[in-house]
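To keep things clear, I will list the structure first and then write my remarks on it.
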Amino acid sequence: MEEKCGVVGISLEEGDAALPTYYAMYALQHRGQEGAGIVTHDGFQQHSEKGLGLVAEVFDDDDVEHLPGRASIGHLRYPTAGEIDERSCHPYTVTSKRGSLALAHNGTLVNTDEVRAEFEERGHTFSTNSDTEVMVHELASNLVEDGLLDAIKRTMKRIRGAYSLTLMHDDRVVGVRDPLGVRPLCIGKLDDGYILASESVAIDVLDGELVRDVRPGEVVVLDEDGGGFESHRLFDEVPAHCFFEYVYFSRPDSTIDDRLVYDARREMGRLLYENHGVETDIVSPVPDSGRAFASGYAEAGDLEYSEALMKNRYVGRTFIMPTQDARETAVRLKLNTMDSNIEGKSVTLIDDSIVRGTTSRQLVKLLRESGASEVHFRVGSPPIVAPCYLGIDMASRDELMASDKDVDEIRDEIGADSLEYLNVDDISEALDMPRGEMCTGCVTGSYPVDVEGETCERTKDGSRAGAD
Ligand code: AMP
């Protein structure tokens, strides 16, 4: 299974696209730290470099210099607790008599097991267990009969799930966003070309200009000379945007659908105060993810914003630690208290989400040990009750604290004086996005796609107009 990742695609008028791709990937590092890869095309052939680790670890100057071509795509892979090996780093590449293909994927596909079984039946072999590899095979085999656009359309009809893709057919760079628009993807204009990227921060880092988001069901083909792009809206369905992109995953300085993520989080913080405000001496975020929420909350309540915790910025995400013990140690490694800001004070601690509850439980305990007189916890998302099948590593159901506990039980479990969450309507209000246009699977247990053993919230004819 592929998890939450970052993708980039660049087409330039002249010069090599590898270096700007590398910078753009740097800006998207938060979307994946397990591995990184860049594939370029110089008009004759593909060049590729990938490896495990952070962008800065995978590539050195030499590597980037040895990736010639005006066309390039890049990928960052999100860490998972499962097996890690270099073969499963993107972009995936295949070469056939229809040319060379490279594909970078963000999201998770839900029906690739069936598609893979059919390929295997016909004698195809796969080198990884990745869903993306199945998609590359599907696209390559559709290219035998169709031109690029029709082959993509057929692939989009066949493969379901969440996918924001950048792909390269020979030296043509293409962006594809699934019909539900689950994961973000945007288009930017550079001085000397165009870029497709998961988030607008990748455009900012190149001093480019955000043109717009790729629409759900849209295929964007960048001109080979970097002069522009063509748009093909192949599907027009009711979207199911992942609200968790706004709550946690995307960088706060990214703009998605004309909304600065930081502002969306502040608005959620404001609603948290409006609906569940409590007067305490200080309001403190869980850094870094709770910062914007806490600032919106404190401002709404005219309360003192003060940081009770500091983060060691050299520690990676605790979420991926494989055992509970390791996770608990990691929270301590990552966050420390500033006692003189806490002693004798009542504190409202604000985080974006509670997943397993490891972080919140530890932090409440730490604050009490530092002398807090009261610790109230406020959460900028609804309780996470179910897994994500569409691209976020969210733990399995039995690991999720809210899957079998109500809010009072969770409050007792984490040891807080009070605990409150936002609900789905608050999120919809804060994002100014109708409830029916968001994917809320992880907080409702009802998904916009068919997943075996889960409830699907959409009827077969739930889509609006069909493909044109
Ligand atoms: P937990 O300790 O398991 O309850 O995780 C909650 C913490 O992890 C919060 O501080 C969140 O900001 C962060 N978090 C939430 N979702 C994810 C995710 N998918 N990957 C990594 N960290 C996450």
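Cβ from N, Cα, C; glycine included.
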(request) Determine which of Ser289, Ser295, Ser418 appears in TrEMBL for the same Mg(2+) site as Asp351, Asp352. (result) Ser289
(message) Please identify which of Cys388, Cys456 is recorded by TrEMBL as part of the [4Fe-4S] cluster site containing Cys242, Cys439, Cys442.
(response) Cys388
(message) Spatially, which candidate from the recorded positions Cys5, Ser289, Asp352 is nearest to Cys388 ([4Fe-4S] cluster binding site), comparing Cα atoms?
(response) Cys5
(message) Taking 8 Å from the centroid of the Cβ atoms of Ser289, Asp351, Asp352 as the cut-off, which other residues in that chain fall inside it around the Mg(2+) site?
(response) Val247, Tyr248, Pro285, Val286, Gly290, Phe293, Ile350, Ser353, Val379, Gly380
(request) Please list, in sequence order, those binding-site residues from Cys242, Ser289, Asp351, Asp352, Cys388, Cys439 with the Cβ less than 6 Å from ligand 1. (result) Ser289, Asp351, Asp352
(message) I need the neighbours of the [4Fe-4S] cluster site defined by Cys242, Cys388, Cys439, Cys442. Which other residues of that chain put their C-beta within 8 angstroms of the C-beta centroid, in sequence order?
(response) Val182, Phe243, Phe244, Leu390, Gly391, Ile392, Met394, Thr440, Gly441
